[in-house]
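Undergrad: Structure below; questions to follow.
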Amino acid sequence: MAPSGSRSIKRGCQRVLYWIPVLFIALIVAWSYYAYVLQLCIESIEDTGEKVVYLLVYHVVFIMFVWAYWQTIFTKPMNPLKEFHLSHSDKELLEREDRGESQQEILRRIAKDLPIYTRTNSGAIRFCDRCQLLKPDRCHHCSVCDKCILKMDHHCPWVNNCVGFANYKFFMLFLLYSLLYCLFITATDLQYFIKFWTNGLPDTQAKFHILFLFFSASMFSVSLASLFIYHCWLVCKNRSTLEAVRSPVFRHGTDKNGFSLGFSKNFRQVFGDEVKYWPIPVFSSLGDGCSFPTCLVNLDPEQPSSPTGSNPANKSAAEGRQFPSKPLRESQSRLLTSTPSWSENETISKSKGSVFGETITRRTSYRNQNMLRIALGDT
């Protein structure tokens, strides 16, 4: 009991320490509000029209900034669906086998019915020992959260949360509005900052708030601008921070642009199809976080795929997908759809004389479960 109790105390202390960066940001924002609203706008600005305009614009940006920051912090990261977890029998079977090819055979058998295309550097199935699950594409285990996070970008200490599929849009808006917040303060505070050095301000405590407000806002603007530009580049390329450091590995090899669908589709994956939701910190990203449309030069022969032919059922199913099943450019041979093309009874009929002269029927619980979730309106 003693070791367990000491571990609980240690975890509790770590949780408290993890909130220190968030508390620091909250104090800085609270002071900036006091310095800008009271000391600058109310105490120092004499023109009523200028004061009203500054306060209105400031509060709009401030509300959006705080809202996006709140959503980034308190949105729970999404974890892999239960279909990716090993069943009790699979766990026992895996434990009985020696480490090596025999275990990989078991994992490959399980992964055959799942939308998994990425591999480890050695070509093995990506498996998490701690969570006992097959990692979906773009999923990684966070050592801080001790969980597997869907489309994990990074663990951010300034929000005390993992930035991933569930809150990446909120994180982008947080960077945008925090940058606008700092730039607005810097621009409107500039003339009074100059007056400070030319002795144009009355000798009150407001002058020191104006001085430090300009310095802090301008310094944060530089760091936020560089971070925001970098993540804009990642969105345009459809990469996470982890994928920018280490390119994803597919069966045909490493491909840094494996998930890129072009600027428009890459952007809509994060921000959604409806323009009215783009600037608002509400969830509108496309997909379920477990599978992603992928541009592959060579399709994985071990994974189920949907044939593209003149079949009317296939044509109608393709029309309902979020991304059209067609190449983006000539150099790309195939574009997988944004939703898995696995059906409960998927029949591939080949004509006489073709390579496959038989009908293959695959039964997949993953698609059946997703269809049930959509029917029930579960997001």
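Including glycine, each Cβ sits where the backbone N, Cα and C put it.
As listed in TrEMBL for this protein:
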- 16-36: transmembrane segment (TRANSMEM)
- 52-70: transmembrane segment (TRANSMEM)
- 125-246: domain 'Palmitoyltransferase DHHC' (DOMAIN)
- 170-188: transmembrane segment (TRANSMEM)
- 208-230: transmembrane segment (TRANSMEM)
- 301-349: region 'Disordered' (REGION)
- 303-314: compositional bias 'Polar residues' (COMPBIAS)
- 333-349: compositional bias 'Polar residues' (COMPBIAS)
Undergrad: Where DSSP helix means H, G or I and strand means E or B, what are the helix, strand and coil counts for the domain 'Palmitoyltransferase DHHC' (125-246)?
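TA: For that range the per-state counts are 67 helix, 16 strand, 39 coil.
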Undergrad: Counting only residues 6+ away from its ends, which parts of the chain sit with a Cβ under 8 Å from the transmembrane segment (52-70)?
TA: 25, 29, 33, 36-37, 41, 45, 159, 170, 173-174, 176-178, 180-181, 184-185, 188, 279, 281
Undergrad: I'm checking region-level scores; what's the whole-number mean pLDDT for the domain 'Palmitoyltransferase DHHC' (125-246)?
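TA: Overall, the domain 'Palmitoyltransferase DHHC' (125-246) comes to a mean pLDDT of 93.
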